[in-house]
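First the structure, in the form of structure tokens, and then the observations on it.
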């Protein structure tokens, strides 16, 4: 017996049968061992018996019984599974005869299945006879599966019914109602139909950005085929979606992948144009299965594509088409391009309306129309790195899932009460152990409290469960309507007019009426009482998801946020002292943006802050970040002195291709891409190379910039603040009593215009002049710095108070109009914080003590009280 004459699957089956015999301590490998392996591991054997309508469970039980009857041999020196039984040897001989009769090159699994039918006394054959299955019936099933193919390779079993194994029948999925409806895209579907109707090169390739609905167009074509809404040439055709992944997966030996693909193509060819092959991500066939000297899938397709023997629909993205298919001109010319543009917001809304019912049935929720409109418009405005309708569909899906999870999980109010009950029960158990009168009194009070909480918990639980049941009932009725509509479609397609009439005029209206009654009852209950569960998906839920994805607040303003925004200017005044105009302009820009009336095509605001050092330019940006986001982490600070050389400018948007750091992206663009709602602070802009401002022109005007990777970065939700010391000499010399005269402002602007190009300055919203700080401002800043010191010492539980004399002395001593507030910090560190630190370290100031700082003979005194 030559093992090379057997297919790989038969060889593997015998090896596994031997392992089974060894594990079972059987001396010989028997037919039962082989069939145990075939029925558990061979998909082909199961498929044969399935087509022959054999009860596989009964057959498996027979095999199990036969195995238990084989004697177990134990003892030393016994070799298990080293010999074949007489019956198995005969089975192999008979299998070889079957192979010759069927004119095959190798002995494969089907020959074993046929050969066992010749062993009349074998329990397997007896069981099949009992099921009234003859050898002829089994042979017919095998020939049906083989589809006229011969066993010409050692991988033969892999290649039977290749389309079923490596593809999905989209038309069958439409018939069984598994695919979502396809709305719109009529022009593209008509274009595909036109190309498919050609004599040669009838192979459309759908090209478009990820998420625009390329696969949906093919699904739409499948739905039209089912509805017979296609030209005569396409009626009754089948669309098979080929899964390249499963075609490649498990191809261990050279040539195995090509063999599988050849089997697929052969089946398509044999269908005489009845099968349209859809290859999603068609660029994967270029180079697929290629090893040294081997032919790749793309080259195998070319001859059939050119001759029109293969109707193929491809789908790929623009980038991948350019990268893979355009390089192979011979493959490209065999396809006809169909460009799939991104749908408009209006088209997306109609797509969402078409899918609304499917989402409602799946999630068991109620979707408002304003939620669909919000999903399309908000995703278009805020999620800029993805494409419609995919991103809008994802938004609706996630919003529905959020509501569904809330329905299924315990409401927070009930959860709180349940936890309180548990806590009181633990306390009750502890108090029962105590025997003193006080504990007994406390136990009585606690038991009354516990009874109240338990009653409340039970009421809430029953209310929650009844609401949940109502929602589930509505969901079930919706599913029933969907199922009946699918049945109606099937009946109409099969011209079963009696069934169609019964469904259309009888069953469907009755169930729809039931649904309307349930929904009306539900609405009535909602109006009368407070509901625990929410089943409505509104625009607020969509806005919350957008905020969660992007970090941009797009939900409607809640009361607390309104107050926060209206008080933004006051909050900033407390942190940035003496710069009222600057604070007002910046807070107004944020107010306009949050109210939703800013220009949607530009950043929230762009400002140039001009003024001497230490007057609060950077401090205002920090204060704004803290007030808007409760942390300074949302401030993207870029020191423009790092961009003084021409070659360093590219670091903002990323190194060009071929340079080190190309993959990392730009310092500015990457920061904004990850955090689209932030404050961008460009510090000391006059120190940057002039080319930097050419990059910023697009950002300031259109709120967008393209990075080195070709990605569009959205700056529409950023506040751009640029600081500069230009004109600070004039501001210091000519500011009178803390006011800037119009002449001074004009002179500073002239200096600014000589430094920067007019097209740059013209795009900035406001140029704000910061006044040099007066002595009164400095006193206010002293108060602020002392408060900060008090907060730092509060951690050590030390309180400090500074007398007014000491504060006034600090302000006068540290005041320097040229350097602003920075010397003030240094002065407090040197003359207040350092002596204070020395006292703390020496142990003179202990925790829980208070320190009074006063002035005596121009020296600070520290009086400690416990």
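Positions of Cβ are set from backbone N, Cα and C atoms, glycine also.
Database features (Swiss-Prot):
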type	residues	note
DOMAIN	3-148	domain 'Clp R'
REGION	6-70	region 'Repeat 1'
REGION	84-148	region 'Repeat 2'
REGION	161-342	region 'NBD1'
BINDING	208, 209, 210, 211, 212, 213, 214, 215	ATP 1 binding site
REGION	343-551	region 'Linker'
COILED	393-527	coiled coil
REGION	561-772	region 'NBD2'
BINDING	611, 612, 613, 614, 615, 616, 617, 618	ATP 2 binding site
REGION	773-866	region 'C-terminal'
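Under DSSP, residues within the domain 'Clp R' (3-148) fall into helix, strand and coil as 99 helix, 6 strand, 41 coil. Excluding the listed site residues 611, 612, 613, 614, 615, 616, 617, 618, the same chain places 609, 619, 723, 770, 820, 821 with Cβ atoms within 8 Å of the centre of the ATP 2 site Cβ atoms. Note: the ATP 1 site is recorded as 208, 209, 210, 211, 212, 213, 214, 215; in the same chain, 216, 315, 317, 340, 342, 387, 390 also have Cβ atoms within 8 Å of that site's Cβ centroid. Most buried of the binding-site residues 208, 210, 616, judged by other Cβ atoms within 10 Å, is 616. Under DSSP, residue 208 (ATP 1 binding site) is assigned to coil, being neither helix nor strand in the three-state scheme. Looking at residue 214 (ATP 1 binding site) and residue 618 (ATP 2 binding site), their Cα atoms lie 49 Å from each other. Cα distances from residue 210 (ATP 1 binding site) to the binding-site residues 612, 614, 615, 616, 618 are smallest for 618. In three-state terms derived from DSSP, residue 615 (ATP 2 binding site) belongs to neither a helical nor a strand segment and is classed as coil. If you take every residue in the region 'NBD1' (161-342) and average the pLDDT, you get 80. When the Cα of residue 612 (ATP 2 binding site) is compared against those of the binding-site residues 208, 209, 212, 213, 215, the shortest separation belongs to 209. Other Cβ atoms within 10 Å of the Cβ of residue 212 (ATP 1 binding site), summed over all protein chains shown, number 23. Residue 209 (ATP 1 binding site) is surrounded by 17 other CB atoms, counting those within 10 A of its CB over all protein chains shown. Taking only the Cα positions, the spacing between residue 611 (ATP 2 binding site) and residue 209 (ATP 1 binding site) is 47 angstrom. If you take the C-beta of residue 211 (ATP 1 binding site) and look for same-chain residues 6 or more apart in sequence within under 8 angstroms, you find 386, 387, 388, 389, 390, 391. When the C-alpha distances from residue 614 (ATP 2 binding site) to the binding-site residues 208, 213, 215 are tabulated, the minimum falls on 208. Cα separation, residue 213 (ATP 1 binding site) to residue 618 (ATP 2 binding site), rounded: 47 Å. Here the candidates are the binding-site residues 613, 615, 617, 618. The one whose C-alpha lies nearest to that of residue 215 (ATP 1 binding site) is 618.
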